[in-house]
Amino acid sequence: MARDKIALIGSGQIGGTLAHLIGLKELGDVVMFDIAEGVPQGKALDIAQSSPVDGFDAHYTGANSYEALDNAKVCIVTAGVPRKPGMSRDDLLSINLKVMEQVGAGIKKYAPDAFVICITNPLDAMVWALQKASGLPHKKVVGMAGVLDSARFRYFLADEFNVSVEDVTAFVLGGHGDTMVPLVKYSTVAGIPLPDLVKMGWTSQARLDEIVDRTRNGGAEIVNLLKTGSAFYAPAASAIAMAESYLRDKKRVLPSAAYLNGEYGVKDMYVGVPVVIGSKGVERVVEIELAGKDREAFDKSVGAVQGLVDACKKIAPDLLGR
């Protein structure tokens, strides 16, 4: 049986890590695309040469033409300018919006049936623009944000409680930025809600607040440490979890930047919420009850995303007609 074709649009740090993980998990054959000549070809060859050692048979190719995306089953988009120290995700807006228009046109022409995962920042606005530019169904275009933000939250909690990350569940909703909403109420350790763990004396509310704040600034913390780029291992692993759920119809519930058309009181926007990802794409939006401070924080986050989308509309008004 022929292996699925997975196209990686952007061959930087995340793209290279994605390509290697796809081989290790044997999810399919890989096409690495980039506008920089030689870069995708070199990385594809390097990773392919690791296959005899790691024991996988995926086929790797590098390309500088969108034609290479032809009939890809999954497209993962990392193309764009990465964050640098002192730079917010929003600073990237005008530059990466142009990139999304080009990428969307390429996907529309060569991979119109693909499941598309966007990683490019500012995420929520870029996935909105990518869907507009590609014209693909909303359920087939999604943004990778919540899986990563939730993974950071889970890691910090596991470290705080000195337990396995496997026993920690956590959800982060809203936009992928400073206004994201880590939900303490719906986060657990071995099924025990975090508020109960505070009552049990495992931690304090003040400490939980610190962890929530660190989660919100998780990306910036790594940018400031690296000084020359942004995170790539955890973002790549997060996107692979989404791609695997689609390719293998696992129907995992994953927090993702998904299109909302009335859910959570939001219309015509991509915002981070829990969704079921299966072979049809985003098969269901999981609408959990938000109240009090959580609702206020979510609405504030939606407002921030709306501001970015409005900015996109001003910069590229032609997207609205698509």
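A Cβ is built for glycine as well, from the same backbone N, Cα and C atoms used for every other residue.
What you are looking at is a predicted structure, and each value in this text was computed from that prediction instead of being measured.
Swiss-Prot names G10, S11, G12, Q13, I14, G15, N96, I119, T120, N121 for binding NAD(+). Of D29, D34, D70, D113, the residue it gives for the same site is D34.
Within 10 Å of the Cα of H176 (active site, proton acceptor), the following binding-site residues from the list G12, I14, N121 place their own Cα: N121.
For the recorded site, G12 (NAD(+) binding site), the DSSP three-state label reads coil. Maximum intra-site Cα distance, NAD(+) binding residues G10, S11, G12, Q13, I14, G15, D34, N96, I119, T120, N121: 17 Å. Here the CA atom of R152 (substrate binding site) lies 24 Å from the CA atom of G10 (NAD(+) binding site).
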